[in-house]
Amino acid sequence: MAEDLYPVPESWAADARVTAEGYATDYARSLDDATRFWLERADSLEWVSKPTVADESSFEEATFGVKWFADGVLNVSANCIDRHLATRRDQIAIIWEPDSPAADPRFITFTELHAEVCRFANVLKAQGVRKDDRVTLYLPMIPEAAFAMLACARIGAVHSIVFGGFSPEALAGRITDCDSRIVVTVDEGRRGGKTVPLKANVDAAAKLVTCLDTVIVVRATGGGVEMQPGRDIWYDEAAASVAAECAPEPMNAEDPLFLLYTSGSTGKPKGVLHTTGGYLLWASYTHACVFDCRDGDTYWCAADVGWVTGHSYIVYGPLANGVTTLMYEGVPNWPSPARMWQVVDRHKVTQLYTAPTALRALMKEGDDFVTGTSRASLRLLGSVGEPINPEAWRWYHDVVGEGRCPIVDTWWQTETGGHMITPLPGATALKPGSAASPFFGVEPLLVDAEGKVLEGATEGNLVIARSWPGQMRTVWGDHERFFQTYFSTYPGFYFTGDGARRDADGYWWITGRVDDVINVSGHRMGTAEVESALVLHRTVAEAAVVGFPHEIKGQGIYAYVTLNAGDPPSDALRKELVTWVRGEIGPIATPDAIQFTPGLPKTRSGKIMRRILRKIAEGDVSSLGDTSTLADPSVVDDLVANRVG
Ligand code: 6R9
């Protein structure tokens, strides 16, 4: 429909980094002449030794592996800091906006960033951290989180950030999985006017692990914490006696950079491993093309560094490009729903990148909180984390951006390292709710359930037909799981776990997960993880968890729970189970609904029919489909009769 197409604004068409013509030519080249294309692009980084090879990956079982720029040598922190010192010494690298609007922001120049990161690196070294060691970072949104990441990169240590919202149990599992002997944390975090006891959580996690011997504590709130002698050290005390110079470690392009745990459809969270050269090129090149920052811009990605979006688009992408990046400690709606727009005005933000769940929550509060601010500095708006519904898209475009800012709806995953399908602001006419076109080098396809490639305007499972520089390299400690999870379903292709539609104009529309992953407020949650947490409770015999549409969160968590004989269902127990799951995983896993049921719908072979559970959770009980293969079809009547919601 013509009225649904938003052309490239004049202001962008004039001098965008990528124009419509440029996109068409370069996209074709990125596939047809891939080696030359990527070796040229790799020149945008500073190498100790330039790569002479590009893609050496294979998705076939016999030759399986992902490898890019394998003879290149570089250091990520030198690319994000040192190389800018000649031209940007006094430019602000990081603006930090505190939780409370009454507190003072911090402005950190590239020169200061260099000193902070070197000092942090020297503290880590003094604690015995060496190349390839895993360092767990359990930190809130403070500049020290970026310093610690870049310090690890500087000395070749592998950081594993655990989101501050995860519980001690979840933190312990991640520390153990990668055998990390050191954790960096703070006394307390701050969010939305409340404090979060991160150090106390580390103490609780430490009781559950055996590998941990050192905890570095950054003083953030000054709130009292217990320090365990011989294990815990204050960062500021350790930093006082180290030098502000630390030479960057030359790293091979395929040396590990970081691990980030993410949920899948089965088992415990996987440690997604990204390496040095390909990842940095992907983060910086996508950042440059998609956000098209210019000197003097202030770019704000309102994610948390605990998620991949924070890794690639708060820290590595913008800093590699020498762009001023804003880090916000707080939440979008505190102290009021105007806060985000006030932050935009306070720091004259030019590009804003946030998630649909935040937009839907703010939209609900009415336009006055937005229109009471100027937002004149904004030139571009971005969306990430989940499909953006057209209503939220239009509100973002018309009210927040006053119709002048293009919206880049960027589809990607922890596994992809950076953007995969996205509009480019100077090249793409926009359709509300569509992620538009593949980025350079990305070859998306749709396949049916049997793996047959589908042509033309159609819908199917989204796969990627060839490797790209930012692709994850392995699942930490389990290379076989990497292959099985992503490459065995549709041989020869990377399977994303998402469904998608391609329309008659070739635009891509992501329809959401087709596996047992729920997307809650843009955060991935495996149904299996919530089920495992529930069955750990003494009263629970069995649990099945599904997603259902939720107005603000995108998807909510619906749990069907069968109790042990002798444990009667009650509202008190329901509350207890909700608290239990939060304790096991963290607040993002909070079930929205718990339905007690005497039994679950199972086939004769004992497989739970999730299709039926999803329908009931959605409230769509009129079309439950064929239930005749169930071992006990009467279970369904009980489920329908006692639906919660
Ligand atoms: C970056 C990030 C990945 C999953 C992905 C998909 C969903 C992300 C999206 C989107 C539609 C977008 N997703 N961006 N769906 N449109 N623009 O979110 O990584 O946490 O690993 O989640 O998020 O379902 O498969 P991650």
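Each residue's number is its place along the chain shown, starting with 1.
A Cβ is built for glycine as well, from the same backbone N, Cα and C atoms used for every other residue.
TrEMBL: automatically predicted annotations, no manual curation.
Listed in TrEMBL:
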- Arg191, Gly192, Gly193, Lys194, Thr309, Asn333, Ser521, Arg582: CoA binding site (BINDING)
- Gly385, Glu386, Pro387, Asp409, Thr410, Trp411, Trp412, Gln413, Thr414, Asp498, Arg513, Arg524: ATP binding site (BINDING)
- Val535, His537, Val540: Mg(2+) binding site (BINDING)
- 23-80: domain 'Acetyl-coenzyme A synthetase N-terminal' (DOMAIN)
- 82-467: domain 'AMP-dependent synthetase/ligase' (DOMAIN)
- 529-607: domain 'AMP-binding enzyme C-terminal' (DOMAIN)
- Lys607: N6-acetyllysine (MOD_RES)
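Cα of Gly192 (CoA binding site) to Cα of Gly385 (ATP binding site): a span of 21 Å.
Residue counts for the domain 'Acetyl-coenzyme A synthetase N-terminal' (23-80) under DSSP, split into helix (H, G, I), strand (E, B) and coil, are 24 helix, 7 strand, 27 coil.
Remark: of the binding-site residues Thr309, Asn333, Thr410, Ser521, the most isolated position is Asn333 (fewest other Cβ atoms within 10 Å of its Cβ). Neighbour list (Arg513 (ATP binding site), Cβ cut-off 8 Å, at least 6 residues apart, same chain): Gly497, Asp498, Gly499, Asn519.
Sorted by the number of other CB atoms within 10 A, the binding-site residues Arg191, Lys194, Arg582 start with Lys194, the lowest.
Surrounding the centroid of the Cβ atoms of Val535, His537, Val540, where the record places Mg(2+), the chain contributes additional residues within 8 Å, namely Ala533, Leu534, Leu536, Arg538, Thr539, Ala541, Ala543, Val561, Leu577, Trp580. In the set Arg191, Gly193, Lys194, Asn333, Val535, none of the binding-site residues has a C-alpha within 10 Å of the C-alpha of Gly385 (ATP binding site). Secondary structure at His537 (Mg(2+) binding site), as computed by DSSP, is coil. Per DSSP, the domain 'AMP-binding enzyme C-terminal' (529-607) is made up of 24 helix, 27 strand, 28 coil. Arg191 (CoA binding site) carries a strand DSSP state (E or B).
In three-state terms derived from DSSP, Thr414 (ATP binding site) belongs to a helical segment. Residues Arg191, Gly192, Gly193, Lys194, Thr309, Asn333, Ser521, Arg582, recorded as contacting CoA, have a largest CA-CA distance of 24 Å. Comparing the binding-site residues Gly193, Gly385, Pro387 on other C-beta atoms within 10 angstroms of each C-beta gives the minimum for Gly193.
Residues Gly385, Glu386, Pro387, Asp409, Thr410, Trp411, Trp412, Gln413, Thr414, Asp498, Arg513, Arg524, recorded as contacting ATP, have a largest CA-CA distance of 18 Å. Pro387 (ATP binding site) has Asn333 as its nearest neighbour among the binding-site residues Arg191, Gly193, Asn333, Val540, going by CA to CA distance.
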